[in-house]
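Colleague: Relevant sequence annotations retrieved from Swiss-Prot are reproduced here:
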TRANSMEM  94-114  transmembrane segment
TRANSMEM  142-162  transmembrane segment
TRANSMEM  169-189  transmembrane segment
TRANSMEM  192-212  transmembrane segment
ACT_SITE  Ser201  active site, nucleophile
TRANSMEM  229-249  transmembrane segment
TRANSMEM  250-270  transmembrane segment
ACT_SITE  His254  active site
Amino acid sequence: MLMITSFANPRVAQAFVDYMATQGVILTIQQHNQSDIWLADESQAERVRGELARFIENPGDPRYLAASWQSGQTNSGLRYRRFPFLATLRERAGPVTWIVMLACVLVYIAMSLIGDQTVMVWLAWPFDPVLKFEVWRYFTHIFMHFSLMHILFNLLWWWYLGGAVEKRLGSGKLIVITVISALLSGYVQQKFSGPWFGGLSGVVYALMGYVWLRGERDPQSGIYLQRGLIIFALLWIVAGWFDWFGMSMANGAHIAGLIVGLAMAFVDTLNARKRT
């Protein structure tokens, strides 16, 4: 079977499946984080992708609604839960995603109670040569955040991107991306500003780069990031570089993280590109 695409809205997915059924092509929907559409007969893949492109251009075309009526239903057959927001929070994140979020929250609480400096002495990038063998410091800087907006912004993106990677590609892949990007983005940032920095944003930018390029080069992976969001990420880097908003940003970590994510996605999709 071949995965054709994913839709966030299950009714939209059902409309496309119903239409293709009227064209003699049988597709199935599998529910994960989104509604994934699968094709059993891979010889029809080009035809389905062509119809998909037309569907995306104008999903409200009357022929698609007519197809749903012709198939005998106009709903997706899904049962909606009373608390879809809470269900979405749980379903979009795996154990690694939640563990990192919990660690960030606990460290933030500790920083609020006993002070930033006290926590940074234990978790910051090695600020003295005698600390270089305290290996955890090369990674624990990602758990420190210095304002409520800082932690909320980073955790939202971490949940959205990290959760998707973990659900689709496994906890191991998310751990590898996190460890490598934390190490390299931290190294670059300490060259820019010294060891007193913190935040998950370097890892978040790595995930942005990874998810976007992986989706572009290997759509069958089931992960993707809208191009508008990657453009937003680039504009945010530019804004931070030129200090447009007067905010202290870890520009080195952002740039390094993005490059790490793009590089990892490129390597991971080499075989996928060869298959096509």
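Including glycine, each Cβ sits where the backbone N, Cα and C put it.
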Colleague: In terms of Cβ proximity under 8 Å, which residues at least six beyond the ends of the transmembrane segment (192-212) contact it?
Modeller: 100, 104, 120, 123-127, 141-146, 150, 154-155, 157-158, 161-162, 164-165, 177-178, 180-182, 185-186, 223-225, 227, 229-230, 233, 237, 249-262, 264-265
Colleague: Can you tell me which parts of the same chain pack against the transmembrane segment (142-162), counting only residues 6+ beyond its ends and a CB-CB cutoff under 8 A?
Modeller: 89, 92-93, 96-97, 100-101, 103-105, 107-108, 111, 116, 119-120, 123-124, 174, 178, 182, 186, 198-204, 207-208, 211, 225
Colleague: Sequence-remote contacts (6 or more beyond its ends) of the transmembrane segment (169-189), Cβ cut-off under 8 Å?
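Modeller: Cβ under 8 Å, 6 or more out: 94-97, 100, 125, 138-139, 141-142, 162, 197, 202-203, 205-207, 210, 221, 223, 250, 252-257, 260-261, 264.
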Colleague: Taking only the Cα atoms, work out how far the residue listed as 'active site, nucleophile' lies from His254 (active site), in Å, as a whole number.
Modeller: 6
Colleague: In sequence order, what residues of the same chain, 6+ apart, have a Cβ less than 8 Å from the Cβ of His254 (active site)?
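Modeller: Spatial neighbours, sequence-distant, of His254 (active site): Ser185, Ser201, Gly202, Tyr205, Trp236, Ile237, Gly240.
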